[in-house]
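Notes to accompany the following structure.
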DNA sequence: AGCACGCCGACT
DNA sequence: GTCGGCGTGCTC
């Protein structure tokens, strides 16, 4: 018998499966989903069995030994790997890497033992101060020296293969047939007629000493079981009265239990979507079914878990947890010990004992796409919902245009929660920044916003400022000749970072100190232009010196905890003005009267058909942060007050109608299927020729495609867009291109969901 | 010639 | 990810 084994190596040059002979002793024991230790080249690796078949032409080596006693991954996960391979063009072993959590992957540690210290030469002499040490990553540059020393028997290198984190075990106790004599012992013996843990026993008031006696005389047996932990808080909660709309939404979705159906739960902030999820989860729990709730980040997972854990046992997965905690959550969900898994998109592949519902919260967010631009997380969830035959609920205050279209086509059930739990009135003011300029106000804050902030601070209340940075590049420019310093490799303008006082390339990370004299003309009039969030911050700090001002953006939140701490400090009213990028617009339950929205103009001009939708969503989301518990005011500053996105900012149906119309005229999704191809070649000329040839061949061969481009957007990197009606046509085309244009000097990437790469 | 280093392709 | 093959370029 032959096993198809997929190795845990992430390089694309590795095939997705290698065939190995199954030794007679392992026949019947090995099944698909188990990992095995196999020889690979000169090394030993761990691989996953993806198939078993009678014969193979390629197999030459045998499996060394099994690594697991039972399959590591479920049939569903294998199915998802297959789905990612087929639908998203991801090689199998890379799909595996996404589906299986890091903690269950293998660490290959090497230990170096010094055999003959007197023969050690530099640099090994300095590195190997101890006779036994773990091989460090930084030693890789001396790898050759290590290998030479090993062959001369001066040192020996030993490789250890182990799983990063192991499943935690604990002991369980159960009564045997042998009845003890004393009444006290009998009481414990009866208590243990069902399996109990040590915590159960101690909390009932029994002692360890008594348990020990019973074990010794054979009245109680012990065995090792997996330790599982879930979150459940027992704090009594206020009884909540649901609105008619909430009850209706719960009923609609609950009726669809056990079938695959898609819903969109549209609700503004504070409309009580979380309560709907909770009630649905409670219904499922009564029949021992579980729910998967996916949301955006650590803070939102925690917020949701706080809401649900008083009623149900919850498992959480997000980046703020330790590896062990993530593994505990993963296992608790897999074994059915928790009712709900609340996770960031990273945890969406977690296997369930009995899945009954999937919720994709904040479904408009691009994070569902971010982790790999070829797969859409929401599509993965569709696949899981179909597999389990369960409803999939998208939740969003600002649903994507695509989903509205799906609803119009009857492919999606649209449910709207209009009632705000807190009855308040919201207001929006659009400030024309061109007029501000004409009136002599050159600062980034309009008079209107400045006054509103002053007023709010005087009332001892808080302000949230959205300073979009998407599309903004605060680059450096010479005011004399117009010269802009660019990256040596990418030829793109270097972005100016005020805090770090550096010029940085956002494509490759190339960094140089700031320039004071122009390279081109020698002028000293070279200065940063454009506006960045840091400038907004320093401006506001100057304008309101007594206010406590904090800033949140991707630059200063890389350190763990900064993001969550800042959000908490704002909620606790320790910060007066919070300035942030998109990350402050999402789902947080703030209680503030004023929101300022700045710097959205470049976002409207972003070179993608999604620009209008994204800007609209960002503004609406941010507006939603104000007026949750009191009347709210949003002030939008723009140079394009007549842009339809701004004009319709308070009239959603008008926005959707106009945007859908534009998409239809421009033949953009959802009216067409879009595929973006990115080509990277060695030279521009050859690459461009190859693309032109490809374009002509496709046009001649297939009539249903419209092709736009190619355009060079980075050095030696070209973009080509292909539009068509049927999704299946694109898959066929991709297969064909891959087969026909396999060429090491030209790399082609495919992007299905984004025209902006 | 002798070897150090780096790039490339194979690994079942 | 690791190794061997093979070319280049430097040193004895």
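Cβ atoms are placed via backbone N, Cα and C, with glycine included.
TrEMBL entries are annotated by machine, without manual review.
Per TrEMBL, the features are:
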BINDING   A:478, A:481, A:518, A:521  Zn(2+) 1 binding site
BINDING   A:487, A:490, A:505, A:508  Zn(2+) 2 binding site
DOMAIN    A:254-417  domain 'Helicase ATP-binding'
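For the binding-site residues A:518, A:521, the ranking by surrounding Cβ atoms (within 10 Å, all protein chains) places A:518 first.
Along the domain 'Helicase ATP-binding' (A:254-417), the predicted structure has mean pLDDT 93. According to its DSSP assignment, residue A:521 (Zn(2+) 1 binding site) is coil.
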